[in-house]
Amino acid sequence: MLERAVTYKNNGQINIILNGQKQVLTNAEAEAEYQAALQKNEAKHGILKEIEKEMSALVGMEEMKRNIKEIYAWIFVNQKRAEQGLKVGKQALHMMFKGNPGTGKTTVARLIGKLFFEMNVLSKGHLIEAERADLVGEYIGHTAQKTRDLIKKSLGGILFIDEAYSLARGGEKDFGKEAIDTLVKHMEDKQHEFILILAGYSREMDHFLSLNPGLQSRFPISIDFPDYSVTQLMEIAKRMIDEREYQLSQEAEWKLKDYLMTVKSTTSPIKFSNGRFVRNVIEKSIRAQAMRLLMGDQYLKSDLMTIKSQDLSIKEEASGSA
């Protein structure tokens, strides 16, 4: 029912970009058509409806959300083809996630694990998070064993390696290369038993792939995670505040927006941690509000709920990782 299918580059990589693709229908029209069709088959597609509900809690990322539906559609139709005795491509579902810190990469990985478990693509759907230190050992053979152990824990689920390019930073003699070689071998030997997601900054991930040309073809799905706009960051802040049963005063809201505009314009994108940055500001502001109330003698419901301008933590919070 969706007009736009997943598009492929010449090298077979699924091209999932979250900005500005032309479509036959407008996004609103396509979504309306899609929802109408889904409503007719609600019982059949209950898994997708549940995932969509969880994705609706994520601010922005509209293209990513549509593409998750496309991956669902592709798997679902392949299952129907298999039932009819038609050929079904046994394509691996290993992925690359490219984006700056705090843009939702880990959250989306968890959702994909849940979706694939419900669709019987993965037997467990759990997420194992790892970084260089979890894979690279201290002597010859140690790295391969650590990597194999991590893959074993990931069987039936997703192995999510953050800042994956750090595995290639030490040169030919670095044990990181041994980790890469071990991952590649198991991606082939056990390609339908687990899903490997490599994540990190876009530029570094592209450079990492250029140094390891054989890797790119092994990751058929690549998803870009753009930075949040100030408007989206404010929406994230309001949702965090609401979830905790607080509210921002008008002055606090203005101050936070001005602060986010300043930080966004003066901080390098790779050092700004997006949603995590906002969360840190909100959590510190809640503690500051508690200190302010402790020094006073009023504990009305409105006092306990309101974050005032002076409560806002607006020191430099701009660093963070994936």
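Glycine is no exception: its Cβ is also placed from the backbone N, Cα and C atoms.
Annotation comment: Swiss-Prot describes Gly99, Asn100, Pro101, Gly102, Thr103, Gly104, Lys105, Thr106 as ATP binding site, evidence class sequence analysis. According to DSSP, Pro101 (ATP binding site) sits in a coil region rather than a helix or strand. Residue environment of Pro101 (ATP binding site) contains 25 other Cβ atoms, counted within 10 Å of its Cβ in all protein chains.
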Problem set entry | Candidate with sparsest Cβ neighbourhood (10 Å radius) among Asn100, Thr103, Thr106, the listed binding-site residues | Thr106
